[in-house]
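Student: According to TrEMBL:
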- 15-37: transmembrane segment (TRANSMEM)
- 49-64: transmembrane segment (TRANSMEM)
- 106-132: transmembrane segment (TRANSMEM)
- 160-182: transmembrane segment (TRANSMEM)
- 188-212: transmembrane segment (TRANSMEM)
- 261-282: transmembrane segment (TRANSMEM)
- 294-312: transmembrane segment (TRANSMEM)
- 324-347: transmembrane segment (TRANSMEM)
- 460-478: transmembrane segment (TRANSMEM)
Amino acid sequence: MGLRVLGCLFNLPTAVIYGSLSLFVSILHNVFLLYYVDTFVSVYKIDKLSFWIGETVFLIWNSLNDPLFGWLSDRVFLSTQQSGVEISSPEVILKRLKALSRNGPLFAISFLAFWVSWAHPGLQFLLCLCLYDSFLTMVDLNHNALLADLAVSAKDRTSLNFYCSLFSAIGSLSVFMSYAVWNKEDFFSFRIFCVVLALCSVAGFTLATWLLRQRFETEVKVKWDQESTLKELYIEQPSAPLEKRITLGEYLKQLSRHHNFLWFVCMNLVQVFHCHFNSNFFPLFLEHLLSDRISLSTGSFLLGISYIAPHLNNLYFLSLCQRCGVYAVVRGLFFLKLALSIIMLLAGPDQVYLLCIFVASNRVFTEGTCKLLNLVVTDLVDEDFVLNRRKQAASALLFGMVALITKPGQTFAPLIGTWLLCTYTGYDIFQRAPLSNVVSAQPKLVSNAAWEPALRQGCFYLLVFIPITCALLQLLSWSQFSLHGRRLQTVKSQRQSLTQSQSREIKMI
């Protein structure tokens with residue numbers, strides 16, 4: 001029986017095993033996002049100063065660690081012929097799989113550090129956030145880089161991304177299961193639940209990376225056998241000229257000349273801002289626009305569906321990408337965002353059912369767009385490979401540079417959102433009882449009942465004008481992005497020909 005199961009695992013397609021890695025990340029990360037703030041504020045009683053210090057340090061580290069780890073991982077790929085040694089694609093994939101096999105279990109262990117009090121709340125908050133984000137970044141960078149390294153054709157990459165979305169949707173179910181054990185007063189059941197999730201993640205990372213390594217170690221072994229055979233026959237391979245190692249400054253100069261990269265990060269910065277704006281203010285919109293008009297179960301359903309629907313929706317978007325191309329699908333989603341927002345603005349805040357659909361679809365489509373953009377980054381990896389005549393694609397480094405420029409959108413989202421809300425309505429979300437405080441500061445003629453419609457109107461305008469503004473900015477920058485159609489096919493064919501010629505070099509000698 002055990003041999004039969006092992007045989008079935010060995011026969012699984014590479015895309016399925018690659019996609020399963022998303023499951024072992026999402027079962028932990030969704031629970032983390034939902035509960036870590038509430039745990040430290042309500043259970044560990046962290047003070048406000050320590051909380052903001054921890055968040056500030058985390059935001060800085062969160063932006064810097066992506067390019068830092070990407071550079072440490074891929075700098076050797078920028079000129080791979082140092083010391084006359086060439087790195088082949090299977091060796092690059094093995095390097096990333098070894099990094100995943102190490103950092104995946106460490107990521108799961110760092111997740112557990114949140115749910116047991118082992119230090120002063122402020123110190124534990126800071127250390128836990130930075131450790132967790134470091135291992136998560138290493139996992140994400142290497143996992144995303146494999147998307148560019150395992151396949152070059154758009155069809156194969158879409159298949160890989162399809163299974164990632166499928167397994168991410170399955171992983172989102174951990175959020176629904178967590179409701180059954182979450183209890184601030186009795187934390188024991190929730191801790192056991194988190195331990196079980198972490199053990200599943202460790203086992204999953206270990207097994208999935210081991211299965212993938214078995215496949216590519218065979219290719220590397222064949223290459224080594226061919227090289228040893230040539231040495232035994234005294235056939236010398238032509239030595240490649242030594243190349244100067246590219247410095248970080250030179251690499252940044254190359255990126256500054258990569259116009260499609262620059263237009264993409266401009267668009268993606270707005271996209272990251274919009275995704276996190278929706279995440280940050282989704283509960284606020286439910287409370288002030290819909291809480292008195294829908295039942296509690298309907299609100300819970302909207303909140304739950306906003307986690308799982310983007311992954312399921314992405315399965316359909318990926319099938320569209322195979323027929324129409326990623327560029328056309330992303331552009332269509334921007335137009336859809338703009339059209340829905342204008343329709344909602346014209347309809348007004350009193351159309352309850354339309355408002356429910358808009359609040360949910362706005363988050364679902366925005367998150368869905370974010371998940372498609374990894375495919376665009378892999379195309380940029382191909383173009384960077386061709387434009388700079390690299391010996392190996394520096395995929396993890398490029399993903400890291402994209403994150404460096406776009407992650408500030410995570411910080412801008414709550415800052416700009418709260419500033420706009422406070423400016424136009426006077427509502428401060430950081431006050432414990434904001435409505436009563438604001439009302440008491442107004443003249444006595446202004447009652448609480450008179451104030452609430454103004455807040456509701458302000459939330460509605462924030463809900464519709466942010467997507468309209470984001471959509472217009474994104475359509476402007478996306479129209480300048482030229483890596484699609486014939487140009488994309490040319491870049492892919494050039495990369496495939498270069499990769500194939502490099503892999504055939506030993507056989508041709």
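Heads up, the Cβ atoms here are built off N, Cα and C, so glycines get one too.
Keep in mind that TrEMBL annotations are predicted by a computer and have not been checked by a curator.
Please go over these features one by one and say how buried each is and what sits next to it.
Tutor: Here the transmembrane segment (160-182) has Cβ contacts under 8 Å with residues 15-16, 18-28, 30-31, 34-35, 147, 150-151, 189-190, 192-193, 197, 304, 307-308, 311-312, 314-315, 318-319, 371-372, 374-375 of the same chain, all six or more residues outside its ends.
Same-chain neighbours of the transmembrane segment (188-212): 9-10, 12, 14, 17-18, 20-21, 23-25, 27-28, 31, 35, 93, 97-98, 100-101, 104-105, 107-109, 111-112, 115-116, 174, 177-178, 181-182, counting only residues six or more beyond its ends whose CB sits under 8 Å from a CB of the stretch.
For the transmembrane segment (294-312), same-chain residues at least 6 beyond its ends with a Cβ under 8 Å from one of its own Cβ atoms are 30, 165-166, 168-169, 172-173, 175-176, 282-283, 286, 352, 356, 359-360, 363-364, 367-368, 370-371.
When Cβ-Cβ distances below 8 Å are used as the criterion, the transmembrane segment (324-347) is approached by residues 154, 317, 354-355, 358, 361-362, 365-366, 368-369, 372-373, 375-376, 379, 463-465, 467-468, 470-472, 474-475, 478, 481, 483-485, 488 of the same chain, each at least six residues removed from its ends.
Among residues of the same chain six or more beyond the transmembrane segment (460-478), those with a C-beta under 8 A of the stretch's C-beta atoms are 263, 266-267, 270-271, 273-274, 277, 281, 285, 289, 327, 330-331, 334-335, 337-338, 340-342, 344-345, 348-349, 358-359, 362, 366, 417, 420-421, 424.
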Student: The transmembrane segment (261-282): which same-chain residues, six or more beyond its ends, come within Cβ distance under 8 Å?
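Tutor: Same-chain contacts beyond the flanks: 255, 303, 306, 359, 362-363, 366-367, 369-370, 373, 376-377, 380, 383-384, 398, 401-402, 405-410, 412-414, 416-417, 462-463, 466-467, 470, 473-474, 477-478, 480-481.
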